[in-house]
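So Swiss-Prot says this about it:
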ACT_SITE  191  active site, proton donor/acceptor
BINDING   195, 196, 197, 202, 203, 204, 205, 206, 207, 208, 234, 235, 236, 237  acetyl-CoA binding site
COMPBIAS  11-22  compositional bias 'Low complexity'
SITE      191  site 'Important for catalytic activity'
């Protein structure tokens, strides 16, 4: 990256900036694992924002209810008899819950920070002893955790005065992780250059807590609202969990030529949410959840707990679902029973469906849509041991027959290999197989199963 860029980075207020909870007045020093929310926290702007968001949903629900009432005066759930009809009125949607009853389960990293085990500090190369100790410790972590990155390159950027580092520090300035970034405040974004946690410290949730500290610090000290970073295949999952996406909405003219480009990396962007303090996100979500549950309980009977059924006291027995107390009231119907019997899709179904759809829609897929006809090619099934085509793959996919991603990839390879085995290399079929396989492997490398690609 050229050193002649016009953008100047904003230096931190001091050589080593303490980013612990003492700099965030809304952060509590309570070390209780399940922390109840205090009544006076309703004055917290983030709490008010959470309730306001919930109230906004309430207003929408009330509006929808009025629209519904104009055509029908009653709200009737599926499977509920006329005697169970209930009019949905706006007063049913009022927020009515004790905010002090909301409990937030805090992660180990948060508890360690509150108890003083770890601290979060923003460090720059200002030639002071403490800064150099922390930057050197962070450099050693990056060198170990990022073995493919040249050591000289890491060293140059860590000590570069245009870069800042958010570090996790234990006793005696012992660094256990951090993020090195370069702010481009005039352009409205910051580039995350390196991000790593020491291998023996990666089970305490440090990574997420570190990113939350970085977001709050950057937004609190600059006008920056966006992050850009290049992530390798192993880091994409982490960045997705932190709100990053592969969809880049920033105009290229803003960042091209300013950030470092890495071969084989995936460019990702994170746009911070206005008015959200990321270190208090768990509190905001807990309050919103409590508000939603409160509203649900006012218009449904989902919170009612019925006693056990006497019919099972004498051993196994059969009972119609309609005879189970409360089931009809929540909208049970026969169709639900049939749906529950259908096999559930595997966790990787969405990925396989995407890969199949991409293959099916590719211009080179036409020869492989249906099984090879025995009438047109009599000896095909004598030569080919494992015949395969896209219609067979689709049948297996729709019927949940793939037990693993590897099985799906194996069937796709059968299509390509069978075609090349039976046809000459100068034929259209052979060339289509090559093109489709190349496209398939490219799409596979874009998923979390990229390690299975050739």
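Glycine is no exception: its Cβ is also placed from the backbone N, Cα and C atoms.
Tell me about the setting of these features in this model.
All protein chains included, residue 191 (active site, proton donor/acceptor) registers 20 other Cβ atoms within 10 Å of its own Cβ.
Neighbour list (residue 195 (acetyl-CoA binding site), Cβ cut-off 8 Å, at least 6 residues apart, same chain): 178, 179, 180, 207, 210, 211, 229, 235, 238.
Residue 191 (active site, proton donor/acceptor) carries a strand DSSP state (E or B).
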Work out how many Å separate residue 234 (acetyl-CoA binding site) and residue 191 (active site, proton donor/acceptor) at their Cα atoms, rounded off.
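About 19 Å separates the two Cα atoms.
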Compute all pairwise C-alpha distances among 195, 196, 197, 202, 203, 204, 205, 206, 207, 208, 234, 235, 236, 237, the residues listed as binding acetyl-CoA, and give the largest one in whole angstrom.
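Binding-site diameter by Cα atoms for acetyl-CoA: 19 Å.
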Between the Cα atoms of residue 203 (acetyl-CoA binding site) and residue 191 (active site, proton donor/acceptor), find the distance and write it as a whole number of Å.
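On Cα coordinates alone, these residues lie 26 Å apart.
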Does DSSP put residue 236 (acetyl-CoA binding site) in a helix, in a strand, or in coil?
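Going by the DSSP assignment, residue 236 (acetyl-CoA binding site) falls within a helical segment, counted as helix.
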Rounded to the nearest Å, what's the C-alpha distance separating residue 205 (acetyl-CoA binding site) and residue 191 (active site, proton donor/acceptor)? Just drop the number here, would you?
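About 23 Å separates the two Cα atoms.
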